[in-house]
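> Dumping the structure here so I can ask a few things about it.
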Amino acid sequence: MQSSRSVSTEAFVRLVVDIGNTTTTLAVFTGETEPSVESVQSTLFGEPKAVAELFLSLAHRHGTPQAVAVCSVVPAAAASCSAQLESLFSVPVVTIAASLRLPFQLDYATPHTFGADRIALCAWSRHLFGDCPVIAVDIGTAITFDVLDAEGNYRGGLIMPGIDMMAGALNSRTAQLPLVDIDKPESLLGRSTIECIRNGIFWGAVRQIAGLIDAIGAELPGESKAAPAEVLVTGGNSRIIAPEIASITHLDELAVLRGIDLLLRLNS
């Protein structure tokens, strides 16, 4: 459901929780200031006592949250997290989903399967760039592309393995290839097996992402050489990948969190 409703900017404490496959990020927003952010391993949500202590510690340091939102790609963790937050702070929890009031028009064959993190990123992209076409890329456990046209209509997306998933697959599905941490190589070609894996995954991801951005832009309605699409990139591995791609116009590692907060304010 697309909305033109204005967003409240009152200076109340808002807690947003982004539960990912690997890492969970928590952010406390107050007014329009930059959020206070911290991250924990998502496995923590299997320990209710530890989760309660984490939330109470945040409240002690930043004030009791008056509005809360949970965005999760792990359904079981989302349910337990929301229940704990409601119990601890006696506030309703907004769960990010396609059924919320959205600042863009989501045309998707299976909206119930559209990732909550992708919804938040699209929402922030539309809010940030207004009437410009946007290509939003999240370089995390998976690499996702989501595309909005100049009218705020969702045009489609892409999902591919993230760089750590690629490294894990090479290790787990072969007999001799080691598990390699991926960072920026010093050269294109590797001169050891570890270097070859690292270089292949890193530069392969760079070329894939750059090529797909160009291909999407070429067929995106409303884009021209005079007014190209904005390209917003976020995600845990965005900082090492983004500098290698000239077509990326904006890098914001907090973009999903900002989108969750935006949706919280739109739906509170």
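Cβ coordinates come from backbone N, Cα and C, glycine included.
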> To which of T113, T141, T144 does Swiss-Prot also attribute binding of ATP at the site defined by D18, I19, G20, N21, T22, T23, T24, T25?
T141
> From the centroid of the CB atoms of D18, I19, G20, N21, T22, T23, T24, T25, T141, the recorded ATP site, which same-chain residues not already listed sit within 8 A by their CB, in sequence order?
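Output for this site, in sequence order: S39, S42, V73, V74, G140.
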> Taking the Cβ of D117 (substrate binding site) as the centre, how many other Cβ atoms fall within a 10 Å radius?
28
> If I restrict to non-local contacts, at least six residues apart, and a C-beta distance under 8 angstroms, what lies near T141 (ATP binding site) in its own chain?
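Listed in sequence order: G20, N21, T22, G162, D164, M165, G236.
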> So of all those binding-site residues, D18, T24, D138, which one's Cα sits nearest to Y108 (substrate binding site)?
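Closest candidate to Y108 (substrate binding site), judged by Cα separation, is D138.
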